[in-house]
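Novice: Here TrEMBL flags 40-155 as domain 'TRNA-binding'. The feature domain 'B5' is assigned by TrEMBL to 409-485. Residues annotated as Mg(2+) binding site in TrEMBL: 463, 469, 472, 473. Among the features that TrEMBL reports, domain 'FDX-ACB' is placed at 714-807.
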């Protein structure tokens, strides 16, 4: 936001403050001043001249020889090369000895044999940026209004002797996107009053209601729409003072009608629009949503294709503007316009934001509507604009405002506890001092019998909604540098991590030890992506955002895997094909089974592995990552956490390969899953063979061993036995191992699967599975008979449970 101090001074007295001092006070109050611009920096010796004659140069086709009256003695002869120079114009002239902002000093010169006693200046040569120079003068000299006084200082006439503050506003301070908003802030800081601009409207003729009708058909998108009719306007350039203020704010002057709407927008923060009343069918205004595929050519001469969520201004038969964003070319104010309909409305911020982003239009009006305008300024801004059109365009304002209102916003009343304010800030302000702070801000204050203050917040301060916001206002106005510093009192205690925090750090460290790199991805995703990989729990639904910024970030994630796959795909696209990533993060869901309306939130760890299992090494053959690498990482992690009794059971899961996916369990607790991506899932992300796992960290907290247990080295030798059995091919090795451990008893120390074989001579539909068994008693040497008995129990148990036969 650019703030002209000369303009600001009309509303609040700042004459005694240097710009630097005012900027410091604003910054200390929380309204940061990013820069101070002296608009005439480097420009000296430029005056207003009157071009009396303009003749062709005798030696150059593109040059003109001009006689210019500068109000100081005889007219000067100046050679000018601008294509738009002509006799009768008022122009800015740099006299001999003048200095320009680019550092040049102007002197007398001879151009192609003709003496030149100065320079007729362009807007750029005077230091004006291109974007504020009228289009017709962008490639030539700056032509001034006919009433410009000859001989006067050109910089002062153009308002270049002004100082502009560049404000860096935070999103919550939409009130300071107006000169009046900044004036209220400055008045509060300096404890001065604000002088409001006159809003009384001189009305004449037939009532506006006889010629204008307004209807709102989209009440969720537009709460209020007001219009005024101004007849008999004369389109022309704005007066110089108004053009100067617009240019200081970074806006190019166009004509008096458009300039008035921009001027009032900057003054009040309320965007306005002017329609050519003659282009409206029957004087109707209907605010409605667009029909899918409806088209409108906007003021920038681009045809826009609209969707069903775009709010339109129509005349009942055709669209004439995109609400809050840009008007239509079919209702544009032109030189032949006679009657003007002024629009002032409150459009819902989310609606304007969505449309602006969808269409890629970033206008000053859309910026203000997106952040939220003051609903209380809809009518005052409209009246101000109508008054200025009457003064500056000769218009006759029809009596009355025509409006439609579906919802009004009343000022908020917030109860403030003075003791609470002092406790939070460490101050000792009395109730009266606190009330005075609020009054300086323009808030009404009423002391209550219970000791609280009822503070009425005006509608312009949309950021003040709770007691803590008012505490902040007190801190700002008192001054952060005046709040006393108090050392903390009381005993200090050493901090410590909770069990969950410690586990999270340990899991992160273990996965890094396993060769994985940590990724951090978005918590928001799109519904289609969320459905490609099944979440850890069955029967869950993603939670949709009420007002998403985009479809790609419209729901909360239910699984960590999809965004990890995004990261793997990103790496593969850049020729990094060996990727091992993990993420620790929260997922969110809801389901029909939940009694509470609050969503479920779980902390998970997930990983994605693809490419080779290890870096290139001259002495080793590189292996591709497979299911057993991913499973090994899970086994390593759970073993290091001290979680025993882990089994892997085959399962089918959406998004994963049906024959290469396993459920991970510890006892009856489901910890997660590990598996290979389904080929269709891999194709959706354009990935090579990729393996993933996802575990519930919240479940691991209760199972992980808090301390590591150590056992003494064995003092007696172990007895080793191999066991080879034949079972049906669909019997998992984990089920066999479970039976072996249970039947082996206390003397069975370890069971290791070392071979699985199918083919001749094993019968069709069966497989040979071989285990290595370690028997040991920690206190004595086992006898052959004891080992043989345990071995026989194991074989018998396997036969009962799974029909296993010893392999011959």
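Quick reminder: no glycine exception, Cβ is built from N, Cα and C everywhere.
Note that the structure is predicted; figures quoted are calculated from it, not measured.
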Novice: For the binding-site residues listed here, 463, 469, 472, 473, which shows the highest count of neighbouring CB atoms within 10 A?
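Specialist: Compared across 463, 469, 472, 473, the most Cβ atoms within 10 Å surround 473.
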Novice: If you take the centroid of the Cβ atoms of 463, 469, 472, 473, the listed Mg(2+) site, which other residues of that chain have their Cβ within 8 Å of it?
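Specialist: Same chain, not in 463, 469, 472, 473, Cβ within 8 Å: 461, 464, 468, 470, 471, 476.
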Novice: Pull the DSSP breakdown for the domain 'B5' (409-485) and write it out as helix, strand, coil residue counts.
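Specialist: Reading the DSSP string over the domain 'B5' (409-485) gives 33 helix, 14 strand, 30 coil.
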Novice: Which residue counts does DSSP yield for the domain 'FDX-ACB' (714-807) in the helix, strand and coil classes, in that order?
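Specialist: Helix, strand, coil within the domain 'FDX-ACB' (714-807): 31 helix, 32 strand, 31 coil.
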